[in-house]
Amino acid sequence: MLIATPYEDLLRLVLDCGVAKMDRTGTGTRSLFGQQLRYDLSVGFPLVTTKKVHFKSVVYELLWFLRGDSNVAWLHEHGVNIWDEWASSTGDLGPIYGVQWRSWPTSSGDYIDQISTALDLLRTEPDSRRIIVSAWNVGEIPQMALPPCHAFFQFYVAQGRLSCQLYQRSADMFLGVPFNIASYALLTHMMAAQSGLLVGEFVWTGGDCHIYDNHVEQVQLQLSREPRAYPELFLAQRDSIFDYVYEDVVVTNYDPHPAIKAPVAI
């Protein structure tokens, strides 16, 4: 069976053709601008197989975002520490993703729950071109521990199927992107289930797509491996998208190559 490998293909392109650039962390990168990946979610769940992705962390982080939370305490309760490097001494991260998704502040002093608004539109106006969620709140970026990398996403309905396109301004191709692809693919499944729709495509669009100089050996190892078939996702039925728990999300037939460790650029 022919296995589609859009992520690995882009990883190889950045490795071979990326332009040398410095970055905020001082690490150095190989970078390409304006790239896109497409996944048909109806034929498999896009969890990278050329290295093991820690799917537990993917699920708990998404549930944490959907809670509107921005303190790592809840993640710690579930054994997830992926945000620790950026958290304050009290565990706070400022008004990052979940806060913007669930309680975007307005000039009148109110708050907008963008996830609920998007769901309402999917149910009542599925042809709307305004089914958008943004984490890029310019006025609150100075208070965020880290400005949003995956900043903006849009939903699209056609022929009873829900698709999602994400714009990721800054894309750490080795460590971050496999995680982000899985997270937004899962979110698309959840939003579809809550809207009475089937899943369509997940489209990932990257701005600065980069490989850090200290990830090159790891990338070369990953690209030497033979990709395997994508797993399947099973999602329990819940009355609300905010009711999902970790046990509701099950991935089967995930047979990845071993994990590859690499340093995080902070």
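Glycine residues also receive a Cβ, built from the backbone N, Cα and C atoms like all the rest.
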Looking at dUMP binding as recorded in Swiss-Prot, which candidate out of Asn137, Asn180 goes with Arg24, Arg129, Arg130, Arg169, Ser170, Ala171, Asp172, His210, Ile211, Tyr212?
Asn180
Between Ala265 ((6R)-5,10-methylene-5,6,7,8-tetrahydrofolate binding site) and Arg24 (dUMP binding site), find the distance joining the two CA atoms and give it rounded to the nearest Å.
9
Are there residues of the same chain, six or more positions away from Asp172 (dUMP binding site), whose CB falls under 8 angstroms from its CB, and which are they?
Cys149, His210, Tyr212, Ala265
Give the distance between the Cα atoms of Ser170 (dUMP binding site) and His54 ((6R)-5,10-methylene-5,6,7,8-tetrahydrofolate binding site), rounded to the nearest whole Å.
21
To the nearest whole angstrom, what is the C-alpha distance linking Arg130 (dUMP binding site) and His54 ((6R)-5,10-methylene-5,6,7,8-tetrahydrofolate binding site)?
33
Using the alpha carbons only, what distance in Å do you get between His54 ((6R)-5,10-methylene-5,6,7,8-tetrahydrofolate binding site) and Arg24 (dUMP binding site) once rounded?
26
When the number of other CB atoms within 10 A of each residue's CB is tallied over all shown chains, which of the binding-site residues Arg24, His54, Arg130, His210 has the maximum?
His210
